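Undergrad: Handing you a structure now.
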Amino acid sequence: MKIDIHTHILPREWPDLKKRFGYGGWVQLQHNGKGEAKMLKDGKVFRVVQENCWDPEARLREMDQTGVTVQALSTVPVMFSYWAKPQDTLDLCQLLNNDLAATIASHPRRFVGLGTLPMQAPELAVKEMERCVRKLGFPGVQIGSHINEWDLNARELFPVYAEAERLNCSLFVHPWDMQMDGRMAKYWFPWLIGMPAETTAAICSMIMGGVFEKFPKLKVCFAHGGGSFPFTVGRISHGFSMRPDLCAQDNPTNPKKYLGSFYTDSLVHDPLALKLLTDVIGKDKVILGTDYPFPLGELEPGKLIESMGEFDAETKDKLKAGNALEFLGLERKQFE
């Protein structure tokens, strides 16, 4: 069994959001009729996507070809729209979540959902989270690595974490809104450098902000193998010990003590990195994730895990399926 925790999907179409809300900044999908579409932001091409980004049948064909049993579906992060008016973001979230629920209902043994929330308005986010879990049946939601000016330690977000604990709703944290200009403008740096840095900042903000202390039952998984955190946790821990005046303002506990308290996906593209990741984060806390259907993802899901000679069959099964089931609170028999 292979369960992919990190995949992205869009509706085939949605209303013209600029017309709907009266201002720009929104993403639209422009189809060309050849199994390809342009994601446009204010008329400029953000990304070109193929039909596997919106067509469940195309997705299922590729899942069957690569032996993926289940995909956890989440929106493309550019759709988060935390910058917009909260009620408008809620409207978009509901549109995305309803479409996601319809896709899952058509193939309930192949797909599970991670909803999206208007995180810039925590009171609205809490209500939509409850709807995602109670009405739509999602085991979790996807949130950004920061919410506008808030890092994930912001007290304004604590009601969202409290509700996630209450509902047993898992949180998948995905980097987004990286610096795109200046020194980061060339060489795909926002994706190659910015994303790992964003994820590391998200992990550190939750640790140093005391989020895991205040919400010990919170289940969180960070994308892209936790960014650079697994490799730099020694530096982070040492800095915490040397400068508690700066690092321990909100939580006196050394960051190393939280290893094993959260999950990451497996998307690191390198056997040495995956070995380090499982050693640092724990073999019970790393989950197969591919970033399907995008080119920076793992193109053959689970191939890196399978290639690891030092992993026994039990460990490989945990990484490919068992840890995902644990994180999502689901049973293997639901998908067999």
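A Cβ is built for glycine as well, from the same backbone N, Cα and C atoms used for every other residue.
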Undergrad: Figure out which of H146, H174 sits with H6, H8, D291 in the Zn(2+) site per Swiss-Prot.
TA: H174
Undergrad: Check each residue in the chain of H8 (Zn(2+) binding site) that is at least six apart in sequence and keep those whose C-beta is under 8 Å from its C-beta; list them in sequence order.
TA: C53, L73, S74, T75, V76, P77, D291, Y292, P293, F294
Undergrad: Translate the DSSP assignment of D291 (Zn(2+) binding site) into the three-state scheme.
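TA: D291 (Zn(2+) binding site) sits in coil per DSSP, no helix or strand.
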Undergrad: Determine, for the Zn(2+) site, the additional residues of the same chain whose CB lies within 8 Å of the mean position of the CB atoms of H6, H8, H174, D291; present them in sequence order.
TA: T7, S74, P77, A223, D265, G289, T290, Y292, F294, G297
Undergrad: Pick the one among the binding-site residues H6, R47, H174 whose Cβ has the fewest other Cβ atoms within 10 Å in this structure.
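TA: Counting other Cβ atoms within 10 Å of each of the binding-site residues H6, R47, H174 gives the minimum at R47.
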